[in-house]
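Undergrad: My questions will all concern the structure given below.
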Amino acid sequence: MPVNFSWAMFSLFAWLVPHVSIEVGQYRRSLSFWLGVNFREGKRVVSKHALIAIVSALLVIIGTAIGVALTTKELDPNMINIIEGMSLFLAAVVTLILSLKSPKWIGVYYSRKRAAPQPLFQCTKVLAFNVRWSIWRLFCRVYFSLLPFYCSANAAKITVSMIAGLAFGFLMDYIIYLGRRKRETSPSIMWAMGMAFFLVIWSCALFQKGTRFIDTVWGRNEWKGSKNVLLGVISAILWFFMSLFVHCYLWLRTKRMVEEVGLGNGVLKGYLAPAHTRKGERLATSLFKEMLVSYRKRRSQESTPGKMMLKQTPALATVKEHGEEGSDGEKADDLEDANEDFGDAREDGFDTEQKEQPELFDVITDDDDELAKTADSAGLGIVAVSLNVIRSTNDSGRAKACNSTNNGTDGVNACISTNDDGGGVHLSNKTFASTPSKLSSIHEEAEEDNSEPPTACSLIGKKCCGCKQNEWKERSLTEKTIVIIEWILWVGIAAGFTFFTIINIGAQAQVASVNRWYPIAEAAIYTDMDLGAVCAINEAAFRPNSIITTFSSKEDANAAGFKVLHCGACGACSTWHNLRLEWWTRNYLAAESARCAKKSLLGGRNAVYECLMKEPIQFDAACSECWTDDIICTKNNCAFIYLQSQLINKVGKL
């Protein structure tokens, strides 16, 4: 492995690029229901605040990397090996995750997010907050995972790994973009499966390398030479079949879900909806949260309360009816084109009022057939609703921060902006279709934001505490279990990696202190150790009632017929009982005392004292008190060194 390269940093930054691209694309494409000037203003807000979020997050990551790298210089070589092995393992896992997500992004595997409604934004302030929040959330997911790999890393290692990872991420994003533009099902499947297979093989190679690397550090010389290679081969095969099992599960789940939603008899054709991505939006728009938005032409020249009214334009005339040939992605783009054309016409003074009667379109999710059946059976039909009337007026005609009012139209709100010249009214909020059963929750959300503009605190509180209760209720038990497990794993990994990094930072600080003060302590304790007092025992009667006392020098002890036990005066542990125990337990005393020392981390001093007095050590009270003082002193000054030594299997060598 190159010294100046980290596979973990490479894979995590590669993971970031398509995820951030997808988030930005989601917001940009969801603005297709904003019209005219507000559509352009929304795109400007998305671009601006996405850039702010990305730059600020990268600055935090770079600052953290510099801080950790500088405080963990000259790390123990075995700890560096542990970090390199962890890097390979993490890279293998992240690469496997990318192999599982790539077919979802291209449109081959089922994703529940395809059926999720678009987020509703009442104004540019809410839109900007959501863009920043979404991107920061993604960076937060990798921030803690990156921490251990900054340890003892130099500038070249961090820079090269980061740039290489970003480059590979953009390459993946481009491949996904090309895969989604395939117009036929079979090429899309082959494109997705080829990419997934390549990533799985790469993941297996990383996993077997990590297994062999860790064995070198933690192993007990049982897998050397050819056996070490065999260990890598076995681990790679096991990892490959595990990856294959997960891919098979997702494939079968996709076929089952396709059958359930009535898109085919277990065939993926019809489920795939390649996105016709606009050139101006490029990669960042290749995934529209996989809504599979479809449009159905409704009754012409009819005005129904709650319907979205769109002026007829040449671009709108090209939108196909639901059921005609053409993909849903094409229809979404046609509507977006219509919005831009409508905005251009209005800005150029085009008299939109002279156009013919508008046509009405429903905007519904990929399960539109089920929604239609539900609504039609109730005799209510599908209604497209837009939350919160937001009337914004300024000199430039651009959307601004919200002031919400209710237009009093059957409880359904619309977002509009009016120019100072009084000409034209623009629908500037997004719409989506809902069954009557879902309208109550929609109106409740509308009422919450119906009076005052949202504050930063309220937006953060809603993100942290809102929990998307309706979406959570609609999930199956399996999906809920997977989400909970994912959160537990993420929290566990974040906490573990943070603790691991703190241990290395603390250990290096304590090692620096030891290196500074050890020469002074050694000179004070050991320079004249053979010239001072000694503790000696009556050699002729080495029994429980033997005499153990202090002499001013070893010569005096020898002259009196005593045997020297140790340098220095006799102490609390220089008794027959304790000396006998130290001799009998010499093969395991260090390990048992270390076990007692661990109890000081949570139980404190008393826990250590009681442990030393119990079996298998059983020191007396005075000696246990002395050992406890020594352990507590070590904990206060060398705890991180001890914890680090536990990780690299060197406790016995301290």
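A Cβ is built for glycine as well, from the same backbone N, Cα and C atoms used for every other residue.
What TrEMBL records for this protein is below:
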type	residues	note
SIGNAL	1-22	signal peptide
TRANSMEM	50-70	transmembrane segment
TRANSMEM	82-100	transmembrane segment
TRANSMEM	159-177	transmembrane segment
TRANSMEM	189-208	transmembrane segment
TRANSMEM	228-252	transmembrane segment
COMPBIAS	319-332	compositional bias 'Basic and acidic residues'
REGION	319-360	region 'Disordered'
COMPBIAS	333-342	compositional bias 'Acidic residues'
COMPBIAS	343-358	compositional bias 'Basic and acidic residues'
TRANSMEM	482-503	transmembrane segment
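Have a look at these and tell me how they're positioned relative to everything else.
TA: Under 8 Å from some Cβ of the transmembrane segment (82-100) lie the Cβ atoms of residues 1, 6-12, 14-15, 18, 75, 109, 145, 148-149, 151-152, 172, 195-200, 202-204, 206-207, 209-210, 213-214, 217, 239, 243, 246-247, 250, 647-648, all in the same chain and six or more residues away from its ends.
Same-chain neighbours of the transmembrane segment (159-177): 4-7, 9-18, 21, 98, 102, 105-106, 191, 195, 277, 282-283, 286-287, counting only residues six or more beyond its ends whose CB sits under 8 Å from a CB of the stretch.
Panel annotation: around the transmembrane segment (189-208), residues 7, 88-89, 91-93, 95-96, 98-100, 102-103, 106-109, 172, 175-176, 178-179, 182, 232-233, 235-236, 239-240, 243-244, 247, 268, 272 of the same chain, lying at least six beyond its termini, place a Cβ under 8 Å from a Cβ of the stretch.
Non-local neighbours of the transmembrane segment (482-503) in the same chain are 68, 141, 144-145, 147-148, 150-151, 475, 640, 643-644, 647; each lies 6+ residues outside the stretch with a CB under 8 Å from one of its CB atoms.
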Undergrad: For the transmembrane segment (228-252), could you work out the same-chain residues 6 or more beyond its ends whose Cβ comes under 8 Å from its Cβ atoms?
TA: 92, 96, 99-100, 103-104, 109-110, 196, 200-201, 203-205, 207-209, 211-212, 215-216
